[in-house]
Amino acid sequence: LNMENASSVTEFILLGLSQNQRVQKIYFVLFLAFYLITVAGNLLIVVTVISSQRLNSPIYFFLCCLSFVDICYSSITAPKMIAGLLVGSQAISFVGCMAQLFGFHFFGCAEVFLLTAMAYDRYAAICRPLHYAALMSGRACGRMVLGSWVGAFFHSTLQLLLTIRLPFCGPNQIDHYFCDVHPLLRLACADTRAAGAAVVVNGGLITLSTFAILVSSYVVILVSLRGQTAAGWHKALSTCGSHITVVILFFGPCTFVYIRPSSNLAADKDVAVFYAIITPMLNPLIYTLRNEEVKSAMRKLWSRKV
């Protein structure tokens, strides 16, 4: 009986952000623009870092990886959502839905770990400058990035296993614009309290532990700057400022959605737009506008191409 239950829903209907057709048209233009800016901006950073000899320090290696993750992360949800805004609500197959859930958590989690690695890089650069080359060797950076991917894989596999084994026997309308764990738990025709608790613990542990590492690395940085001149403060904070901005923009909404049992899916959906679409778009702007090295490398690249 259970197997019949589990397979009786072969597709889900994503209700999207709005049922109002005029609002849908406005959203379509807006989010298409956001998505194109995200891909173009992050691609520009990847190309700039790879082709520039000067941007060879660890922070740019991480930035390049972060930009790649941002392109994949927004591509998991945005194209489907944009198409949905054009044609109204939208069907997604059961397999497609589970793939989307896995991909979204995989790249989102990789982003969290990369931001943490970047915070450690800033700590090493500012607080342990003499040991920086040893702490952040090519091999160490490679291991951090590999660790980010492996950790993200375990996290998203767990989220997938908690969801895919649930029986779905209708209704099949998801009040969201992509397949995420909370809306799917709501649709399952079984008691999902244990799965829901596991989802919150899994997401919460990762978010809280990485956030604790991030905050503590910045506290240590600020403490170590106490005796510095104004110029020293400015130099240190200008390299950290863009990173702190991205962390706040990404972790704030993420924590809101995943660290508590979901009671209000409509609010979750609106907040998700922020970390799934807007933050990946802002990352390249935040990192390039505040960074002279990246800007000059981009100018060089541009003049070479032209």
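Even glycines carry a Cβ here, placed using N, Cα and C.
Among the features that TrEMBL reports, transmembrane segment is placed at 26-47, 59-78, 98-120, 141-162, 205-225, 237-259, 271-289. According to TrEMBL, the domain 'G-protein coupled receptors family 1 profile' annotation covers 41-287.
The transmembrane segment (26-47) makes no contact with the transmembrane segment (237-259), as judged by fewer than three Cβ pairs under 8 Å among residues 6 or more apart in sequence. Of the candidate ranges 59-78, 98-120, 271-289, 98-120 contributes the most Cβ pairs within a distance under 8 Å of the transmembrane segment (205-225). Model confidence over the domain 'G-protein coupled receptors family 1 profile' (41-287) is summarised by a mean pLDDT of 87. Here the transmembrane segment (237-259) has Cβ contacts under 8 Å with residues 59, 108, 111-112, 115, 118-119, 122, 125-126, 182, 199-200, 203-204, 207-208, 211, 214, 218, 221, 225, 268, 271-272, 274-275, 278-279, 282-283, 286-287, 290-291 of the same chain, all six or more residues outside its ends.
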